[in-house]
Amino acid sequence: YGLSEAISEIKDMKSQIRVRDKQVESVTQEINILQMQVHDLEDENEMLRDKLGLERNVDVSRETKRYQKSRKNEVIALRSKVNHLEDNIVQLKTMNYSLRKQLAQLELNQHLTVEGLQHQGGLTLAERDRPDGGSVASPKPTSLADKDAASGNLGLAVNFKPEDWKQKYEIILEENTALRKGLQEILDAMHKLTDEGSSEFIIQSPILEDLLREMSARGIINYPYPITSFHLKVCNLEGKCAQLREDLHRIR
């Protein structure tokens with residue numbers, strides 16, 4: 001399911017909605033005409049009774065009864081037709097609401113697809129800021145497998161629900177918050193150690209370590225050891241070497 005299919009389906013939905021709107025307008029006009037005919041018949045009946053000097057509940061001759069009965073049956077038939085047309089209007093409005101809902105969902109899927117393509121383009125631009133100085137490798141020929149993968153990614157973007165995007169956004173927001181707290185812990189520890197003037201130190205950041213382990217469990221990064229195991233040991237050894245040099249210089 002691609003972007004072109006979504007656009008085509010949106011056009012079909014809009015065409016169906018226009019047809020339904022015309023049908024609703026036509027049925028409404030017909031109902032108005034029938035209601036006018038009913039009112040005309042009722043006014044004619046009252047006028048004839050006034051001319052004959054008859055009350056509404058007074059019995060009349062057989063021919064008049066037959067005439068009234070035929071008129072009454074005609075009014076009943078017209079009212080039945082009006083009710084039927086009103087039911088049709090309700091059904092058409094329900095169908096229009098369903099079509100508009102489907103159209104909104106298709107437009108949302110199209111919007112998400114465009115955002116996904118723009119996001120992929122943004123990642124391509126972000127690769128220029130790599131540590132290798134922004135060198136760009138020679139383009140490789142696109143294979144059939146790459147095209148299938150791109151098509152699969154496009155289908156995934158279309159089928160991605162707004163709830164999934166919201167959940168992914170909340171996960172990224174939590175990771176960024178944990179990263180900020182972890183970096184703040186490291187900066188606070190460095191400032192504290194700088195003020196104390198100690199040469200042996202170990203920087204610990206439980207929040208950052210928990211976040212890295214969680215990201216490693218989800219397969220986002222490779223984190224086989226704690227954050228303080230290698231780099232901070234090197235810093236510790238450098239501090240010890242500097243202290244030994246100072247002691248050796250004082251002895252001499």
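Keep in mind that glycine also has a Cβ here, set from the backbone N, Cα and C atoms.
Summarising the annotation, TrEMBL assigns coiled coil to 24-51 (among others). Counting residues 6+ beyond its ends, the coiled coil (24-51) has Cβ neighbours under 8 Å at 68, 71, 74-75, 78-79, 81-82, 85-86, 88-89, 92-93, 96 in the same chain.
Taken from TrEMBL, the feature coiled coil covers 75-109 (among others). Mean model confidence of the coiled coil (75-109) amounts to 79 (pLDDT, 0 to 100 scale).
According to TrEMBL, the feature region 'Disordered' maps to 122-145.
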